[in-house]
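Okay, structure first, notes after.
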Amino acid sequence: MPKLWQMDDYDECLESPGPDEPSGVFCSLSVVLKPNNRSELWKLIEEFSSDYKRHYNHQVLKRGVCIKNCQKAIEKLSPAERNALTVEPFPIDVRYKFNDGILENIPTYREAYHDVLEICVNKELNDTYGLVAHTEILSCDKSTDEVVIDALDMSFLIVLCVLVCFVTLSSWYDSSINYKRTSDHYRQPLDSKRKMVWVSFSIQRNWYRLTSRSRDELNQKLRFFQAFRFLTMSLVIFGHAALLLAVTPTTHSVKLERMMHNVGSMILTNGVQITQTFLGMSGALLAIQFCSFAEKRKGKVSFLYVPFAILYRYVRLTPVYAFVILLHATWLLKLQTGPLWRWGAETEQTFCRRNWWTNLLYINNYVHADEPCVQQGWYLGAEFQIFIIALIVLVTIVRIPRAKVPILGLVLIAAYIIPALFIYYQKLEGTFVVTLEAQRYILWYDKFYLHAYIPTHINFGNYIQGVLTGVIYNELQKRSINLAQSKVFRVVWYLTFAIIPLSMLPSYMFYVNDFPTPSVWMAAYFALSKNLYGIGVGIVILGCIYGVNGVVKRMLNYPFFEPLGRLAYGAYLVHPFVMRYMFVSVRGPVHYSDLLTLSLVFGATVMSCLMALVLCLLIELPTTALQNHLFGSFKEQKSNHVDPETVTNGNINPGFEGKKSEL
């Protein structure tokens, strides 16, 4: 079969031409083979591609073509030969490109180069395979292209300069009032709120906040969460590397297709479940901290707590998120070039300039989800929405303690039934089917991704099960029950590490079969299998809190996990930015070995953490410091005592600052 990817030399094509030579032009193309039932090769392509869940659609090819090479290849063709290689329009019912209107100047390029490119590509296809195709220009780069800087680009530079100035001045001021010249100065609060506001951006003080370890008893018990955050973040990066392998040009795409025929690969394919770990942790932390707060208040918790917690959380999460969105909307495109770079960067710039508001309102997992700005932000939208629901539920069960069990039971039942109903009525499969073909278009248009992965109602269950984990822990504390002393629980805890991966293997049946839909049993299977992961997360969390395995807990409590866990939020936001440079900036098809892939994943993790460190010291920690000072008077008046930085960062965000909880 024709290669899925084939590319001319990009840099050679765009070398600066001589004074009398035309500009070099390199175009990325989507090539759709025209059906030809007289060709045995076409029949093979059609049959092979029909296994759409495990194979690419080999009717759709990707090409990178230099216009100069094309012109040379077809210059000797007669008008009749050229006409024979021009394909008349034919029905195309498969996805072969991103939606129109995303990339600039494409109509101009299509008008100028479409005929030349189609004849050129069809000459090669006809000579080699006896086939012809419709050719669609996706993007073009010219050697004369210049970087254009607009007002929004300048606004990013202004914001960055202002932040750097704040950090510089704040650090200088903090150092100037350190009269004893001791490091303890940066660890201790100053004698006035005004001074504390002035040193909010102090890099020395924020460094100690980043690396400090709390002596609070509850925070010490939950310290392993920092390791969980970092390790889960690393697995997310690994999973996104697998996605990018399907997006970017490879010399051996067949390797990915063969892997999809392996039952064991379902553990990797269903690795998308790893984000459910964040949801389980977030729910557990919220419930644990809220129950602690409610006990101190003797159950006197007003529903006014809810809007204040929402506001506090919004202010906590949004500044660094907005900064990353602004970066993607401005300078991402200008920082690199390559045959695929406009696909990977200009699309992001366009979406962020159009749809930034959906991210800042945390509704991006529902609104314009097929044109995502900062695509990984779907999780933040889903988690923010579930946080609000969970908070209302917690306040309700505290105010009506006798109804605690019925309320939690009803919410948990809803968390199972609602996803099942959506799967049934939307006629979806019994698992989130991750197809190679959908990954070629970054899942933007995939119905499984849009309806069975990112919506809040699909992810609601594991967060609520995390909340239930926190409530159970609170009840165990009241009764002075130590789960580590239970032999049954210890056995269950160890078995969980085997059961969860093994539970992913049955999903293979959905890849090899096309079961009729809608299906009651598939809807039920989807809800049960997805929420089983949350049950496992809850068991693991309880076991780590009580130290079922002392060696594991000591490893998870190693000091270096403390700052790494706090950097996880920033790393989550910036790792696709880093990975674009590693994968999407390639100049041609690459042979990805297992060792090379692991090296890229390791490099992406390190670079993401380094960028997260910059964001943390520049925006994230200064924001939380200012937030605590500016909200302080209101918090004191309300006499609330739950750490919003702990409660509201139960997902992948830094928390546990070693101070008393307050809200």
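Backbone N, Cα and C define each Cβ position, glycine as well.
Where the annotation comes from TrEMBL, it is an automatic prediction and has not been curated.
Feature annotations, reproduced from TrEMBL:
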- 154-173: transmembrane segment (TRANSMEM)
- 224-615: domain 'Acyltransferase 3' (DOMAIN)
- 227-247: transmembrane segment (TRANSMEM)
- 267-293: transmembrane segment (TRANSMEM)
- 314-333: transmembrane segment (TRANSMEM)
- 378-398: transmembrane segment (TRANSMEM)
- 405-425: transmembrane segment (TRANSMEM)
- 460-476: transmembrane segment (TRANSMEM)
- 488-511: transmembrane segment (TRANSMEM)
- 531-552: transmembrane segment (TRANSMEM)
- 564-583: transmembrane segment (TRANSMEM)
- 595-619: transmembrane segment (TRANSMEM)
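In this model, the domain 'Acyltransferase 3' (224-615) carries an average pLDDT of 92. Residues 152-153, 155-156, 159, 341-342, 345-346, 348-349, 352-353, 356, 359-360, 373-374, 377, 380, 384, 569-570, 573-574, 577, 580, 615, 619-620, 623-624, 627, 644-645, 648-649, 653 of the same chain sit 6 or more residues outside the transmembrane segment (314-333) yet have a Cβ under 8 Å from a Cβ within it. Remote same-chain residues near the transmembrane segment (488-511) are listed as 53-54, 260, 263-264, 266-267, 269-270, 273, 429-431, 433, 522, 529, 532-533, 536, 539-540, 542-543, 548-549 (criterion: CB distance under 8 Å, separation of at least six residues from the stretch ends).
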